[in-house]
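These notes are about the structure you will find just below.
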Amino acid sequence: MVGLGGAGAAVIVWASNLTMLQRLTEPAKPWRDEWAENNTYWARDLRWTVLVAVVAGLVLAFRGDRWRSAGAWLAVGGLIGVDLAVDRYDLAGLPAAGWLSAAVCALLFLGWLLTRPGSAPDRVSLILAASVAAATAPLAAGIESPSETDPAALDAAALVTGVLLVVMAFGCAVAAAPRRSPRRLAVAGAAAVAASGAVALRVVETGPQILLYVAAGGLLLAGVAAVVCPWKPGTAIAAIGMLVGHPVLSTALLLFFAIGWPLGPEFTRIAGNPPVNAADTDLIIVPVGILSGLILGALLAAISRVGQPVDTPRTEEPATV
């Protein structure tokens, strides 16, 4: 039940953030000539980042079944709509967090019960989910507030979000492994611990650590590659590709979403919040992790298929759900 448990924990973090932390980032209403600035909406960025853990947990729970995994992505798209509506109408407080968490968790559990998959896992969907979670995890640690000193709530939420994503990346990668040898598990575990350590630095280090976080993402993706690729040359090629490709791809996507196609202003308007002033950028970071993870995950899936013999049946082992 690891997948369902991780998805449920991520839903609780999302709902608590939405109903208890979001109001800390907004000017008091009614606002007229108020303007937001860089990183004003850090609570939104963290919420949408933790929704990736919901997707990865559901994909793991569905054992990578392609149609059910696609449904998981659609369900989380619906949660973004709920997020915008709740933000717009200022639903807040601990009771609201409890009711929202319970309702969403119940719906997700019901969906899992009604669409339980068969016994054979689909490795491609699991590899994609692991890669997206791995690419997104360090981004959570890099989210900052506009103030000189980040609020304690931001540090704690960033740590929890990052660790949840690391755990989901590890779980999906192990479920997608062609063989679960001790060596593969040790490599994946070491990468997960190193990435979690980089995320944990968020609460003890001051100042931007963006290069460290990007490197941690590449390391975690290399760990995923070491687990899911069944042939040694392919493992080495994939791991190096992740270490080099992730920083380059993330930088390019970051520039694209910051300059070429900024998504933040439109979502800020829909949520009914003050716009970010023209001198700053309303950047939503999670698309960088999602697209980077999908592109690199597709590469990993292709490499893992090249190394998988077509005439030899793969030995299936029970996957942890």
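The backbone N, Cα and C atoms fix where each Cβ goes, glycine too.
Those TrEMBL annotations? Automatic predictions, nothing curated.
Same-chain residues lying 6 or more positions outside the transmembrane segment (45-62) and placing a CB less than 8 Å from one of its CB atoms are 1-11, 13-14, 17-18, 21-22, 68-69, 72-73, 75-76, 79-80, 83, 108, 112, 115, 117, 125-126, 128-130, 132-133, 136, 139-140, 143, 154, 157-158, 161, 164-165, 168-169, 171-172, 175, 284-286, 289-290, 320-321. Under the heading transmembrane segment, TrEMBL lists 45-62 (among others).
Look at TrEMBL and you will find 69-86 (among others) tagged as transmembrane segment.
Sequence annotations record features per position, and here TrEMBL assigns transmembrane segment to 92-114 (among others). Tertiary proximity for the transmembrane segment (92-114) is limited to same-chain residues at least six positions away from its ends with a CB under 8 Å from its CB atoms, namely 4, 7-8, 11-12, 15-16, 18-20, 22-23, 54, 58, 61-62, 71, 75, 79, 82, 86.
Annotated transmembrane segment per TrEMBL: 126-144 (among others), in sequence order.
Among the features that TrEMBL reports, transmembrane segment is placed at 156-178 (among others).
Per TrEMBL, transmembrane segment is recorded for 185-204 (among others). Panel annotation: around the transmembrane segment (185-204), residues 134, 137-138, 140-141, 155-156, 158-159, 162-163, 166-167, 169-170, 173-174, 212-213, 215-217, 219-220, 222-224, 226-227 of the same chain, lying at least six beyond its termini, place a Cβ under 8 Å from a Cβ of the stretch.
Taken from TrEMBL, the feature transmembrane segment applies to 210-229 (among others).
For the transmembrane segment (236-263), same-chain residues at least 6 beyond its ends with a Cβ under 8 Å from one of its own Cβ atoms are 135, 214-215, 217-219, 221-222, 224-226, 229, 281-285, 287-289, 291-292, 295-296, 299-300, 303-304. The feature transmembrane segment is assigned by TrEMBL to 236-263 (among others).
According to TrEMBL, the transmembrane segment annotation covers 283-304 (among others).
Most Cβ pairs under 8 Å to the transmembrane segment (283-304), among the stretches 69-86, 126-144, 156-178, belong to 126-144.
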